[in-house]
Amino acid sequence: MVTKNQTTKTISLNKYGIKNASVKYQLSSEELHNETLRKDQGEEADNGTLAVNTGEFTGRSPKDRFIVKDDITRDKVWWGNINIPFPVDMFDRLYDKVTNYLSEKDVYVRDSYACADEAYKLNIRVITEYPWSNMFAYNMFLRPTEAELENFDPEWLIVNAPGFMADPEVDGTRQHNFAILNFTKKIALIGGTGYTGEIKKGIFSALNFILPVDKNTMPMHCSANVGKNGETAIFFGLSGTGKTTLSADPKRKLIGDDEHGWTAENTIFNFEGGCYAKVINLSEENEPDIFNAIKPGAILENVVMDENGVVDYADTSITQNTRVSYPIYHIDNIQEPSIGKNPKNIFFLTADAFGVLPPISKLTPGQAAYHFISGYTAKVAGTEEGINEPTPSFSACFGAPFMPLHPTKYAEMLSKKMKDAGVNVWLVNTGWTGGPYGIGSRMKLKFTRAMITAALEGELGDVEYVKHPIFGLEVPQSCPDVPMEVLNPKGTWKNQKAYDIQANELAVSFKENFAKFKEYANDEIMAGAPISK
Ligand code: ATP
Ligand code: MN
């Protein structure tokens, strides 16, 4: 680990309205780790990894995420309950309150950047109240060299003040926490929540606006890796569907686990410099790469440890969303820099808790566009308040909460790029088999991995396919290292009639959800809809 402070440079925060702060600039991981312990904001696990509690919030809060409605955003953003408008003057007032709050305090400053491709580099200055939030930014964003730091010119600013509580009546927020993007001032203002994911997803949302609008680049909520012969694969999917898990593959070099851009020059680049993995039920046997990345420099969030610092990954008493962040080089097999060529294979990951969708199937271009716009996964009971049975969840582009533009803008870009690149598109159900959640079981990780490997190595090219009668997807009838009976979901159900009922219900949910996009979809895309009823 880097032990020395990266630079001797000092900076003043006066120009940001933060006065008389004790500025800790560009501390090393070890220093931030120790500051966190000294301030009693974290503990050390038995292997020396820092473990923190993020506090009241252990996940993002989509209802408290706003975009300032101004000349840049007014006519371009898809306003609604995902992209909630925030008034210009309200932002200015709240910003002043937050910077005033940070004045006179210890404040941690990190200069970093997003986008691994030089031509797309976005310099970011991160100002945080807590040392571990700063360490998270160090882990997740890319790291400038010492020479680059000397003349660092920050373009975007993140101000992160978990201890600042907004007053909704006065500040125009919904409640005491908020994450607000201001595209004119290039500021992400975060307060009232210590959940670190707000920091990375704030910049992701900003890039999801900037890249398509200004740089003709398709931003994607996906992981990516590259095989021996240089061919890239990308994995789209909503939270918990397997982007991070499945992209960590010892036989392939990791490009990134969550956010990428696909450029007009036919390259894929990572936005980030680190990974943010779920650690619920983590085991060395099932996920060795992630397990071994948890070492000093990483930060565990909201896990439970015994008195010896041994983490119990099965303990979800704080949250199901236990996490670890680490710089990408904690993974052995990585692509450097984090750039790949046009993908040859695209996987749409879905965790279908109804146990209806085939574990792997091949999509036509129309189906690919239809499923991308739909962005289906399912929520299982117990993960969210009020969810007692599997519930379909549709999130356009497999990441609606982070997409400021209308979903069809991204879908059009992706469709065109997929056609130009001539990719294979696969739908992979990493969710349930043998029945819905409660009756069936989760697809074995080793089977999912074997199916993905087979698709990547061209082993599903010549096998027999059968069209799914309800979803119209082409389902391979054999796959190396996967028992045949697993491939056809209906056969895994005891009650075949129940399968048909459930599959039809899901097909209806797809159609109901798609109704709002119908006016934008051409015949090819509509032909990708489920074929039942
Ligand atoms: P996020 O966007 O929140 O980072 P993600 O798509 O990266 O989510 P992962 O962190 O990979 O999701 O989470 C997938 C979880 O599901 C992991 O905890 C993994 O162990 C578990 N899992 C169980 N079975 C499978 C399977 N067959 N395929 C993929 N993941 C599985
Ligand atoms: Mn992930």
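Just so you know, glycine gets a Cβ as well, placed from its N, Cα and C.
Keep in mind that TrEMBL annotations are predicted by a computer and have not been checked by a curator.
Some features that TrEMBL has for this protein:
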BINDING   Arg60, Tyr195, Lys201, Arg323  substrate binding site
BINDING   Lys201, His221, Gly237, Leu238, Ser239, Gly240, Thr241, Gly242, Lys243, Thr244, Thr245, Glu287, Arg323, Thr448  ATP binding site
BINDING   Lys201, His221, Asp258  Mn(2+) binding site
Contacting binding-site residues, sequence order - Arg60, Tyr195, Gly237 vs ligand 1, Cβ under 6 Å: Gly237
Filtered binding-site residues, from Arg60, Tyr195, Lys201, Lys243, Asp258, Arg323, whose Cβ is under 6 Å from an atom of ligand 2: Lys243, Asp258
Entries of Arg60, Gly237, Lys243, Thr245 which, being binding-site residues, have CA atoms within 10 angstroms of His221 (Mn(2+) binding site): Gly237, Lys243
Which binding-site residues sit within 10 Å of Lys243 (ATP binding site) - Cα, from Arg60, Tyr195, Lys201, Arg323: none
Under 8 Å by Cβ from Thr245 (ATP binding site), counting only residues of that chain that are 6 or more apart: Ala277, Lys278, Glu287, Ile290, Leu445
Whole-number Å value of the largest CA-CA distance among Lys201, His221, Gly237, Leu238, Ser239, Gly240, Thr241, Gly242, Lys243, Thr244, Thr245, Glu287, Arg323, Thr448, listed as ATP-binding: 27
Rounded to the nearest Å - Cα separation of Tyr195 (substrate binding site) and Thr241 (ATP binding site): 21
For Lys201 (substrate binding site), the three-state class that DSSP assigns: helix
Least Cβ-crowded entry, counting other Cβ within 10 Å, from the binding-site residues listed as Ser239, Thr241: Ser239
Cβ-centroid neighbourhood (8 Å) of the substrate site, Arg60, Tyr195, Lys201, Arg323 excluded: Phe57, Gly59, Thr196, Gly197, Glu198, Lys200, Tyr276, Asn321
Alpha-carbon spacing, Gly237 (ATP binding site) to Asp258 (Mn(2+) binding site), which is rounded to whole Å: 9
